[in-house]
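The substrate binding site annotation in TrEMBL covers Gly75, Asp76, Val77, Ile78, Arg97. Look at TrEMBL and you will find Asp98 tagged as Mg(2+) binding site.
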Amino acid sequence: MTVKTSDLCDQYPDTVRVLAPVFRDFGGKNDFEGRAFTLKCFEDNSRIKEISSLPGQGRVLVVDGGGSDRYALFGDVIAEDLVRNGWAGVLIYGYIRDKAALRDMPIAIKALGTSPRKTVKRNEGQIGIAVEFAGHTIADGDQLYGDDDGVVLLNEPRLS
């Protein structure tokens, strides 16, 4: 169980950054806590699939998909890889599919919504760069916390 985002906002009012409340929960868990592993890709999930095979080490995969609703960047196959490889969660500024299967998986998945169409594969995407969505810039390595109340960022992990 992670610390509640509302408690972080109370404890760190001057340093916590609260993302706009645009995300919906799709995984079997609703909460995550971990360092951001950032990726920017548009309508191509090739890099997401590539990253899903890496050891997660409790990190949160943060994907800037440009908010496109034309294709789903994420589904059950990639989610299974992330669970198997120890990722804490996924935050996608984009859309997912396989909603029914995802709700039973032991990982937090936050995205804008669902779309049944799979992406094109062009092997495009930028890994480890700062991404900007939901009103904030998220840098690779930023500390993220997510729960039913929302998603917040702290530059350093909480001390207590």
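The chain as shown is numbered from 1 upward.
Heads up, the Cβ atoms here are built off N, Cα and C, so glycines get one too.
Cβ-based neighbour count (10 Å, all protein chains) for Asp76 (substrate binding site) stands at 16. On the backbone, the CA of the residue listed as 'Mg(2+) binding site' and the CA of Gly75 (substrate binding site) stand 5 Å apart. Spatially close to Val77 (substrate binding site) yet at least six residues away along the chain are Lys49, judged by Cβ distances under 8 angstroms.
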